[in-house]
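Student: Input: one structure, supplied below.
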Amino acid sequence: MDAIKKKMQMLKLDKENAIDRAEQAEADKKQAEDRCKQLEEEQQALQKKLKGTEDEVEKYSESVKDAQEKLEQAEKKATDAEADVASLNRRIQLVEEELDRAQERLATALQKLEEAEKAADESERGMKVIENRAMKDEEKMELQEMQLKEAKHIAEDSDRKYEEVARKLVILEGELERSEERAEVAESKCGDLEEELKIVTNNLKSLEAQADKYSTKEDKYEEEIKLLEEKLKEAETRAEFAERSVAKLEKTIDDLEDEVYAQKMKYKAISEELDNALNDITSL
């Protein structure tokens, strides 16, 4: 009987232990189910987060791709700009060389102009001398004309006296001879005056020819000076255009450099964000 009681107690104890174990198992089951549900929720959240991260990574990848394309375009623009700058530098060098040559030609032209002005001054002084000589020759010619007129008057008087002597040949033979001598002297002097008049006329023609020659030279010098001034003005215009082109290209280069720097900073920021996102994914 005692054995049965002990066995009943043992069975009762085993039953209580079994009930406790069952309750514990039920609690463990519920805890496991709760944990499993929590894990499933965490898994779903992780899947959503992973999907969002993948979308974000894809978005960042597209942004990086766009940034790389923009960077390549900016680098290409920078390369083209450097080529343009090199070409512009060559053009500037050519313009400077052409400007130096123009300045040399201008200096030569100014020297020639100075020489021409000196020659013109000398020519002007020569013209004044020639004019003074011409005035003196005119005065001399007027004097010779007066002398010629006087000689003609003397000749006329001689003719009249000759006629008078002819009428009074017998009485005035001696006076007739003197009148004939005076007439011969007058005729000789008249011939000399005619020769001097021819010489004066030739001198005047020579002076007129020289004056025309100097006038032609002066017109030629004026044309050369005008041509040189036009060439100088053209060279100055090309130099101003080259300076404006240089300033414009320098501004373009500065803008491109700013754009390249901005693209690099943007690419750096995107790379940092992408690295952080990848680190977050790796840590998960």
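Cβ from N, Cα, C; glycine included.
Feature table excerpt (Swiss-Prot):
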COILED    1-284  coiled coil
COMPBIAS  12-40  compositional bias 'Basic and acidic residues'
COMPBIAS  51-78  compositional bias 'Basic and acidic residues'
MOD_RES   MET1  N-acetylmethionine
MOD_RES   THR53  phosphothreonine
MOD_RES   SER61  phosphoserine
MOD_RES   THR79  phosphothreonine
MOD_RES   SER87  phosphoserine
MOD_RES   THR108  phosphothreonine
MOD_RES   SER206  phosphoserine
MOD_RES   THR252  phosphothreonine
MOD_RES   TYR261  phosphotyrosine
MOD_RES   SER271  phosphoserine
MOD_RES   THR282  phosphothreonine
MOD_RES   SER283  phosphoserine
REGION    1-78  region 'Disordered'
REGION    117-136  region 'Disordered'
Student: For SER87 (phosphoserine) and TYR261 (phosphotyrosine), what Cα-Cα distance in Å is obtained after rounding to a whole number?
Tutor: 24
Student: What's the number of neighbouring CB atoms sitting within 10 A of the CB on SER87 (phosphoserine)?
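Tutor: Step by step: centre on the Cβ of SER87 (phosphoserine), count other Cβ atoms within 10 Å, giving 11.
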Student: According to DSSP, which of helix, strand or coil covers SER87 (phosphoserine)?
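Tutor: It is helical.
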Student: How many whole Å apart are the CA atoms of TYR261 (phosphotyrosine) and THR108 (phosphothreonine)?
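Tutor: Computed Cα spacing between TYR261 (phosphotyrosine) and THR108 (phosphothreonine) is 51 Å.
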Student: Once near-sequence residues are set aside, which residues in the chain of THR108 (phosphothreonine), 6 or more away, have Cβ atoms under 8 Å from its Cβ?
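Tutor: Listed in sequence order: nothing, so none.
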